[in-house]
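For reference, the structure is listed below as structure tokens.
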Amino acid sequence: MATSLGANTYNRQNWEDADFPILCQTCLGENPYIRMTKEKYGKECKICARPFTVFRWCPGTRMRFKKTEVCQTCSKMKNVCQTCLLDLEYGLPIQVRDTGLDIKDDVPKSDVNKEYYTQNMEREIGNSDGTRPVGILGKAPSSSEMLLKLARTTPYYKRNRPHICSFWVKGECKRGEECPYRHEKPTDPDDPLADQNIKDRYYGINDPVADKLLKRASTMPRLDTPEDKTITTLYVGGLGDTISDAELRNHFYQFGEIRTTTIVQRQQCAFIQFATRQAAELAAEKSFNKLIINGRRLTVKWGRSQAARGKEAIKDGVSEMGTRLDPVPGLPGGMSDVRELFRSCVGLRLSVCFGPPMFHMGSMGPPPPPPMGMRPPGHIHYPSQDPQRMGAHAARHGD
């Protein structure tokens, strides 16, 4: 005979009754006037199998309805969202976070041990102030370089899109634009990301998303230190319109004395010049791929010397403002051609002022110019200087 809800008083005391879920900003959505439905003891937790309060809501327009999947006790033990089970601080899978912090949280998987472990964690959660994680995660270091590089700083609302319409894939969907599901081609079934399990994500094992992020972390670019020791300036990009000079100084002053701070509002970037090269190297090492101000991830690079900037601009055909200059047909391409053009123009001007040179070669006249294919590189021929042109002979003999 089935046991009623009121038969086991002890177990019912451990059921969860909450007023609001624990969610990340992505799952909550961008609508500030969101409405939720609350169902008390609606489902059992997919981790500890205890009944809990289920919340259901729509995070935005043309988005699918979402609901909580695990209870708040399991969420607090791992510091994750109740819906997507991603870390609330970094927005990363548990496997990536534990790898970055170098911790191993062995949560028991059997029913008896899991219940005993959960009761102990509930007691620890009740004694804490709720501002920091509990258990092994609460004793771990505060941050990691790898986590700061991979951390998501802005919500990823694309994750809330509806699922793909199976009728459309079979060519049988008749709803058209009114269909609440996506009309897109499904992903490859052999793709590892197509096979995700909520328990694997919670326990931090065999998570394909975590494997993808860890591979990305191992191949992330590094910031090379320039050989020119006179460079003490760092380039900071992606400022936007909200980051001020004072906020940049508050971050970079901890690495050493700052000589100047220049913000180029038009290009949304800044240049931080340090007094010493040692301070600049320390700031570049601590800030590259890890600088986040006001929720914005900023780009940090080394500045360039004036000589290198000028050479690169000439080489690439780029102006000082960063715009690419298209080559003009008919104009010389290199500096040698420019010199030849200058010499030719000077010679032409002298011939106009003092007259053409006199030749004492009888009636033969000067030799004709060589053909175009046999002229040396860089030489420019002007028709006005051709001694064989019409009228050149009369002008030469003063007729």
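Any Cβ shown, glycine's included, is placed from N, Cα and C.
Unlike curated entries, TrEMBL annotations are predicted automatically.
According to TrEMBL, the feature domain 'C3H1-type' maps to 159-186. Sequence-distant contacts of the domain 'C3H1-type' (159-186), counting only residues of its own chain at least 6 positions beyond either end whose CB sits under 8 Å from a CB of the stretch, comprise 26-27, 29, 59-60, 62-64, 66, 84.
Per TrEMBL, zinc finger is recorded for 159-186. The average pLDDT for the zinc finger (159-186) in the predicted structure is 91.
Taken from TrEMBL, the feature domain 'RRM' covers 232-305.
Residues or ranges marked as region 'Disordered' in TrEMBL: 367-399.
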Per-state residue totals over the domain 'RRM' (232-305) - DSSP helix, strand, coil: 22 helix, 26 strand, 26 coil
Counts by DSSP class (helix H/G/I, strand E/B, coil) across the zinc finger (159-186): 9 helix, 2 strand, 17 coil
